[in-house]
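A.B. asks: My questions all concern the structure below.
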């Protein structure tokens, strides 16, 4: 057992009478009902290497937002409060989040809202396909909330989005960042077999020791199995996964996860610095130095990853097109 500190959240109380499962819960409301051990921690000062590019006045930032709203679409960029939103929207790129904006999980590192999801929007695949065509995107990332309420975890909705996007934009490469389909993995993979993406991504997020705190409802071995089983069914489709640092892990634990990834045939890797969305989320326990990120990158290539995007501001879908291109997949 490692002696590294465990990231914890501040305590918020919520009575059963206050809980409304149909309401989208964010921040304190979302994390209030998770039994997280509370350890007072001083908020760390951000180092100089943590820098975010803001949207500029002549960027496409507001144009992209208007197009998304007009088509009733959601991006994880907005819902998860991604620090790179200004840069990505400014370049006319976005990671689309399908199946609503209410997740059935309550991961306390994530800023996506929790609640009882709405019924699937049958028009969403068409709206998404038309938006991608309108934006003339060469590479898109499609992700989603967890939908534990659906028998297939939302796999058929992914297939509908992929197939309709390919009908209108046959030259567009499609990466999906999927949930874990826990409890329905074989059914989900059977469905995805009908129309697999160009890149299959599922994030491990953190080291196994921290799963109980950071990913309640998820299972480390299951996430590895998802990617390996998909790869066995689709050997020509690259697989990808991502990790955060700063939740209480050690460098050696990160390297161990990377080894597990390669042992499960994962091709591409992303590692970035965790930044707490609010005081009600898991706190940052450390800011990893650029030299350490460089070490992770060098070790990744030694292990045989085809591409490793590693750095403080790296996120799973940040510059995903460039990641795939550099890996030789796009």
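Cβ from N, Cα, C; glycine included.
Annotations for this protein, taken from Swiss-Prot, read as follows:
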REGION    1-31  region 'Disordered'
COMPBIAS  7-16  compositional bias 'Polar residues'
COMPBIAS  20-31  compositional bias 'Basic and acidic residues'
BINDING   77, 82, 88, 317  [4Fe-4S] cluster 1 binding site
DOMAIN    88-306  domain 'Radical SAM core'
BINDING   103, 107, 110  [4Fe-4S] cluster 2 binding site
A.B. asks: What is the interatomic distance between the Cα atoms of residue 317 ([4Fe-4S] cluster 1 binding site) and residue 110 ([4Fe-4S] cluster 2 binding site), given in whole Å?
C.D. replies: 15
A.B. asks: Using only C-alpha positions, which one of 103, 107, 110 is spatially nearest residue 82 ([4Fe-4S] cluster 1 binding site)? These are the binding-site residues in the record.
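C.D. replies: Out of the listed candidates, the nearest Cα belongs to 110.
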A.B. asks: Neighbourhood of the [4Fe-4S] cluster 2 site (103, 107, 110): other residues with Cβ within 8 Å of the Cβ centroid, in order?
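C.D. replies: Nearby residues not in the site list: 105, 106, 108, 109, 111, 112, 114, 145, 146.
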A.B. asks: Could you say which of the binding-site residues 77, 107, 110 has its Cβ with the most other Cβ atoms inside 10 Å?
C.D. replies: 77
A.B. asks: Provide, as an integer number of angstrom, the distance between the C-alpha atoms of residue 110 ([4Fe-4S] cluster 2 binding site) and residue 77 ([4Fe-4S] cluster 1 binding site).
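C.D. replies: Rounded to a whole number, the Cα-Cα distance is 12 Å.
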A.B. asks: How big is the gap, in Å, between the Cα of residue 77 ([4Fe-4S] cluster 1 binding site) and that of residue 107 ([4Fe-4S] cluster 2 binding site), rounded to a whole number?
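C.D. replies: For residue 77 ([4Fe-4S] cluster 1 binding site) versus residue 107 ([4Fe-4S] cluster 2 binding site), the Cα atoms are 17 Å apart.
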A.B. asks: Just jot down the residues in the same chain as residue 88 ([4Fe-4S] cluster 1 binding site), at least 6 apart in sequence, with C-beta under 8 A of its C-beta; none if empty.
C.D. replies: 77, 82, 94, 95, 318
A.B. asks: Just to confirm: which same-chain residues, 6+ apart in sequence, have a Cβ under 8 Å from the Cβ of residue 103 ([4Fe-4S] cluster 2 binding site)?
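C.D. replies: Counting only residues 6 or more apart in sequence, the Cβ neighbours of residue 103 ([4Fe-4S] cluster 2 binding site) under 8 Å are 110, 112, 113, 114, 115, 117, 145, 146.
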A.B. asks: Highest CB neighbour count within 10 A among the binding-site residues 82, 317?
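C.D. replies: Selected residue: 317.
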